[in-house]
Amino acid sequence: MKYKNLRDFLELLEKQGELKRITQEIDPYLEMTEIADRTLRAGGPALLFENPKGYEIPVLCNLFGTPKRVALGMGQEDVTALRDVGRLLAFLKEPEQPKSFKDLWSTLPQFKQVLNMPTKVLSKAECQQIVFSDAEVDLYKLPIMHCWKDDVAPLVTWGLTITKGPSKKRQNLGIYRQQLIGKNKLIMRWLSHRGGALDFQEWKEARPNQPFPISVALGADPATILGAVTPVPDTLSEYAFAGLLRGNKTEVVKSISNDLEIPASAEIILEGYIDPTETALEGPYGDHTGYYNEQEYFPVFTVTHLTMRKDPIYHSTYTGRPPDEPAVLGEALNEVFIPILQKQFPEIVDFYLPPEGCSYRLAVVTIKKQYAGHAKRVMMGVWSFLRQFMYTKFVIVCDDDINARDWKDVIWAITTRSDPARDCTIIENTPIDYLDFASPIAGLGSKMGIDATNKWIGETQREWGTPIKKAPNVVKRIDDIWESLNIFAPK
């Protein structure tokens, strides 16, 4: 990997024309979102706002605004190479015993990568060059973006929240949005199934009414950031996975106010605690669904220490109707999911999460069908195998002659190969995204699977249609004379 920290990565992006420095004064209130949104939709570069209105700290946006930059952040040259990352994760999830010396030799590179999994603990780090504590902490000095006009307050979006349950051996890294409500107060919005929330719940049960320690890193190196959003096995820490991606151990340092280990090269660190008795009403905010979410009470994060580099960069983003940065991340990580799914279900040919489906609410799967009812088995597998798909509402299964990434192909398969009564499977009372206001109950809704495969004996009693195919010899002859026909000659 060609970078060690965020600044190395920005230097790499700038050399490749993938970073634009904006020196003109731009307001974090709405203006940065508008510029970032237009840039992302045009496939443009990462943006470094060097002169944010009213602030001294520059703001970085659209860091992962294209699949290419996500791949670069994972140490790969292009998106297709992300399948290698998926194969590595599949191997780590279920390691296979070598069948021969040759087999052992071929897997040696994967075993060697494991040497980069342990963290390297430093005694001092750049993220603690400047320290503000207690009354000195003032979060209003950070250029926290106010993304949409009806958002209730500025929102921290790219913070890596670091937690540890009282009985767990490893830390958890998760990305949860945080509403600014005071000089040293943020609302920690995490859903109950997420790692940080589970750690907090375990803490409350083991140590009632005691403050729960938390550290939040802003501007960590891309491998660590992406490690927090990648489907790593439960037994593997995000720091360990970042070390695998980077090819070097993740450097960490102990927080000043607690025992949590934080990324040593991060730009800004927030340290503090959650009082189990303190909550606040969060939202509404414009979200990745394209709508404002409902308000709900969540824990309050009290910041006791704010540490940073001497010249920090504030890393931020916005979420809205796709495409946005989370949708781009989802599109790139789609390639990571495929080898993991294929190891469990070898019949899967392709798997696609369309960005228009909020990156996870709809999945299209193509398979090499082998028996009647096969499509339904794959549906159930998608919903149950990885926790990342527990909120996927729709799963469409097609044969391998269909391009999962071409809606024209998929719609043709649905309309010609499926019968609504026979081929639609609806499951009620399943976990659903809390932000999905279409569900009848918050957090609980239904799922639909559509079998758009050709039907086998046992699935239909009718003679099945034969697809039209062109005559190869005729296609070749017309190919040979096509240009001479001059059909599309300029007028």
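Using N, Cα and C of the backbone, Cβ positions are placed for all residues, glycine too.
Taken from Swiss-Prot, the feature active site, proton donor applies to Asp287. Feature annotation from Swiss-Prot assigns Mn(2+) binding site to Asn172, Glu238. The prenylated FMN binding site annotation in Swiss-Prot covers Ile175, Tyr176, Arg177, Arg189, Trp190, Leu191, Arg194, Gly195 and rests on sequence analysis.
Sequence features annotated in Swiss-Prot and their locations in the structure.
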residue : record                      : contacts (Cβ under 8 Å, 6+ apart)
Asn172  : Mn(2+) binding site         : Ile162, Thr163, Lys164, Gly165, Gly195, Gly196, Leu198, Asp199, Glu238
Ile175  : prenylated FMN binding site : Trp158, Gly159, Leu160, Thr161, Ala228, Val229
Tyr176  : prenylated FMN binding site : Gly159, Thr161, Met188, Arg189, Trp190, Arg194, Gly196
Arg177  : prenylated FMN binding site : Leu155, Val156, Thr157, Arg189, Tyr285
Leu191  : prenylated FMN binding site : Ala197, Tyr434
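Cβ-based neighbour count (10 Å, all protein chains) for Arg189 (prenylated FMN binding site) stands at 20. When secondary structure is read from DSSP and collapsed to three states, Glu238 (Mn(2+) binding site) falls in the helix class. Sequence-distant neighbours of the residue listed as 'active site, proton donor' (same chain, 6+ residues apart, CB-CB distance under 8 A): Asn293, Thr319, Gly320, Leu435. Each of the binding-site residues Gly195, Glu238 was scored by the number of other CB atoms within 10 A of its CB, and the lowest score belongs to Gly195.
For the prenylated FMN site listed in the record, the two most distant Cα atoms among Ile175, Tyr176, Arg177, Arg189, Trp190, Leu191, Arg194, Gly195 lie 14 Å apart. Apart from Ile175, Tyr176, Arg177, Arg189, Trp190, Leu191, Arg194, Gly195, the prenylated FMN site neighbourhood in this chain, defined by C-beta within 8 angstroms of the site C-beta centre, holds Thr161, Gly174, Met188, Gly196, Ala197. There are 21 other CB atoms within 10 A of the CB of Trp190 (prenylated FMN binding site), with all protein chains counted.
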